[in-house]
Every structure is written in structure tokens, then in C-alpha cells.
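Q: Handing you this structure, nothing more for now.
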Amino acid sequence: MSPAAAARWLVFVAALGCLAEVLNASAGDVDLLYRSCVEQCESSGQIGGVTFRHCQFSSDGAPADGPWYMQEPQYLRWKQLNCKSDCRYHCMMQRESERENLGLEPVKYHGKWPFKRVFVFQEPVSAALSALNLIMHFNGWLSFFLLLYYKLPLRPQSKRTYYEYTGLWHIYGLLAMNAWFWSAIFHSRDIDLTEKLDYSAAAALLGYSLILSILRTFDVKDEASRVMVAAPLLAFITTHILYLNFYQLDYGLNMKVCVAMGVTQLLLWAIWAGVTHHPSRFKLWTVVFGGSLGMLLEIYDFPPYDGYVDAHALWHATTIPLTYLWWSFVKNDAEFLTSTLVKKAK
Ligand SMILES: [Zn+2]
């Protein structure tokens, strides 16, 4: 590509980016007072007597302080990112306190409620709860692993587990831990990259657990049928994730896809538990009921109480006990199927 063509491309991509920015604007960041505050902060590095270290650049665009290695382009970009984030935070807090004095309700800024920071953490409660969810999944997966390989009998010849879904649940455990890891990172520091990683990991987990729910509830055991069920769904989820990352991060579309995948698997599990009279159906129903309540919290989004706990954080709190129950159901299912298979083998 010639330099001129490359430049045209860049302008085109930048214009698309601006369009997306405008379409995604929230009530808070269209406010003119907020906008001029951010502009002034980013250009002068100073506002209302507060100095922003990351916004101190000399006239040639290099940071005003630091040795040669801090003049690197990568470092400069990092500094600019932090300057923008610090200015947005400061101006948001300033606008919010002015609004509060006028008796106005909180509004969203760049798609998010005004949260108070703790150290560098942007949404400390959601970040901490995500980390707890990660620990709960690790704990659940570990006890599942120990149960299957050390407590339950193994097949005499192959030394493999009787339970036919062991490998599938291992992959599920990995994807769940991966999703909560990126959720914790994203709620700590919200930048373009961490946001995409969080959305992608969550979509991958939801999509995979939909496949798993179909395979388990329809008792799909042989490899060929499993591939036949999984392939089209995997193709769909991969396309969706690529679309979000490299075409457009469409929040509305992503919400629809995730809710559709979520509702389908919750319904499948709930109906299957009733039809088969599964011994652990009450655990499963509790998880389905709790999961639906969680979805309601996501839809009836309310602003953070005291600047810390919003609907989303509360939703991350509800998934902690549900995760415990969920893995407990998975273990019960393994025990149940193993005992039926062992009885058959005798
Ligand atoms: Zn979250």
C-alpha cells in the first residue's frame, strides 16, 4: 500500500471510530461542561488546582520529565492513555458532585456509572467479586477433578473415568476461570483492549456452556454426533467474537446474542432436570432461578450505591454461591452416572 493510500485508510478508520464514539455516547459524556473540562485537563494537565502527572508533555510531545527510555513512543502512548483516563475520572467526579448539589440523579459516562476509584482500581467491588468468582471456579473444578480421579472407580482396562463428560467439564472449568480473570482485569482498568478481552472471554464461555448443555441434556456420547452438534455453534461463536473485536463492538447485539445463549441453556437444563427426575434437580433449579435473577439485574441497571455497588456488581456477587451449587451439581451428576454405569458393568 502506498503512503497516500495508507493515510486515506487511517483517516477512514479514524472517522469510523469517531462515528462509533458518537453513537456510543452516554448522557454524561455529551454534557458540554464535562467535555470542556476533559479538553482543558488533557491540554493543560491542570484543572482546579490539581496537576495531572500523566498529562505533562513538553512542546514537542515528549514527556516533560524522565530519562531517555521514558521518551519511547510506547511509553508516551501509555502516558496519554493514563492522562485521558485520569482527566475523565476527575471531570466526571466534579460534574457528579455539581449534579448532586442540584438534586439531579447520576448519569453514565462512556457507557459506565460514575464509580469511585480505590487506588488504581476503577470498579473495586466488581473487580474483587470477579476474583472471588475465579477462586470459586478453581475450587469447584479442583474438587471435581479429585472426585473423578481419586474417589470414583476408573474403567478397569482404559483407566478412564466412567463419566463420559469429564473432558468437557475440564474445558468448561478453564473457560470459566479465563472469563473471570479478564473480568477482574477489565473492572480494574477499563481500556479498549481489556474491554474486548472481557467481552470475548464471556462470549466464549457462554457459547461453550450452551454446547455442553446440549450434549449433556440430549445424552450425546459418540464423537461424531458431538462434532455435528458443536461445529455449527463453534463457528457461530467464533464469528461473533471476531465481529466484536475486528469489526464493531456492538453492545446491543452482543447483549442479544448472550441473552439468547443464556436463556436457551437455562431452559434446557431446567426442563431436562424435570423430565429425567435427576437426583440433583433441585440444585439445578436453584441455579437456573438464580441465573435468571442475575439477568434481571443486568437489565434493570441501577446506579452505584455510595459510588461503589451497582446492579452489575450485585450480579457478580450472586454468581458466587451459584458457582458453588453449580459445581456441586456437576459432581453429583458424575457420581450418579458413574454408579449407574458400574451397576450395569457388573
Ligand atoms: Zn462484570
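For all residues, glycine too, the Cβ spot is worked out from N, Cα and C.
Okay, so TrEMBL annotates it like this:
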SIGNAL    1-25  signal peptide
TRANSMEM  127-150  transmembrane segment
TRANSMEM  162-185  transmembrane segment
TRANSMEM  197-215  transmembrane segment
TRANSMEM  227-247  transmembrane segment
TRANSMEM  253-275  transmembrane segment
TRANSMEM  312-330  transmembrane segment
Q: If we skip the immediate neighbours and take only residues 6+ beyond the ends of the transmembrane segment (127-150), which ones have a Cβ under 8 Å from one of its Cβ atoms?
A: 121, 161, 163, 166, 169-170, 173, 176-177, 180-181, 183-184, 187-188, 313, 316-317, 319-320, 323-324, 326-328, 330-331, 334-335
Q: Where else in the chain does the transmembrane segment (197-215) make close Cβ contacts, counting only residues six or more beyond its ends and a cut-off under 8 Å?
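A: Contacts of the transmembrane segment (197-215) (Cβ under 8 Å, skipping residues fewer than 6 from its ends): 165, 168-169, 171-172, 175-176, 178-179, 181-183, 185-186, 226, 229-230, 233-234, 236-237, 240-241, 244-245, 249, 254, 257-258, 261-262, 264-265, 268-269.
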Q: Would you kindly list the residues that approach the transmembrane segment (227-247) from elsewhere in its chain, counting only those six or more residues past its ends and only Cβ-Cβ distances under 8 Å?
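A: Distant Cβ neighbours of the transmembrane segment (227-247) are 196, 199-200, 203-204, 207-208, 210-211, 214-215, 218, 220, 254, 257.
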